[in-house]
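Some notes on the structure that comes next.
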């Protein structure tokens with residue numbers, strides 16, 4: 001198996017090293033793992049693509065490239081340049097430093113990389129490691145993803161139907177904020193929503209007198225609906241959410257039919 005990996009935390013992020021190990025084990029002795037990851041931090045860029053400027057790509061080592069762009073840019077560079085003569089069988093994005101469950105999904109560059117791969121017609125999985133008191137205190141906060149990542153990806157690939165239909169399918173995997181041995185299992189999950197304040201701004205004044213704002217995130221440990229991603233993560237489960245690049249509110253099509261003329 002040939003696997004392309006990317007992330008949004010950057011080429012030197014520890015989560016990318018975890019993902020490389022996961023991908024290496026998945027690819028097997030006869031497989032290949034290729035890395036095309038952002039040269040700089042790209043967290044929160046979503047599905048951004050840099051079509052208004054050129055993108056510099058530098059080779060950092062064997063099958064290892066850094067691109068001055070977003071995770072989606074990196075996937076495009078991997079598919080249409082770096083690996084153009086022999087495309088990958090699978091694209092993995094992550095392992096993100098922090099969860100991409102609930103509304104975080106909508107901002108995530110990690111998700112953006114997987115979504116772009118799906119739009120390009122490839123199997124794609126985003127992987128993220130929830131942070132919390134129970135895994136922040138251990139030597140490797142990525143322990144849960146490192147220990148269970150191979151099994152989760154193998155299960156997803158084994159159970160994905162040959163024909164997925166409609167808009168391209170991809171997966172969002174979030175590992176719980178617990179040590180690896182305390183993971184309770186794997187659960188299919190819906191995308192949750194954390195009620196209350198999400199992102200906001202915090203004003204500051206520079207010594208020069210100029211005013212600026214920091215973007216602040218909300219409480220990541222607020223519960224979400226039963227059976228949804230963040231709730232299951234906080235209970236100790238790995239969540240697997242199948243997703244599509246389709247933002248249509250299908251449940252509103254019939255109630256809004258009166259709009260038609």
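A Cβ is built for glycine as well, from the same backbone N, Cα and C atoms used for every other residue.
Listed in Swiss-Prot:
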| type | residues | note |
| --- | --- | --- |
| BINDING | 8, 9, 43, 96 | divalent metal cation binding site |
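Most Cβ neighbours within 10 Å, among the binding-site residues 8, 9: 8 holds that distinction in the structure as shown. Looking only at other Cβ atoms within 10 Å, the busiest spot among the binding-site residues 43, 96 turns out to be 96. Annotation note: residue 9 (divalent metal cation binding site) sits in a coil segment as assigned by DSSP. Taking the centroid of the Cβ atoms of 8, 9, 43, 96 as the divalent metal cation site, the other same-chain residues with Cβ within 8 Å of it are 7, 10, 13, 15, 41, 42, 44, 71, 94, 97, 98, 108, 109, 110.
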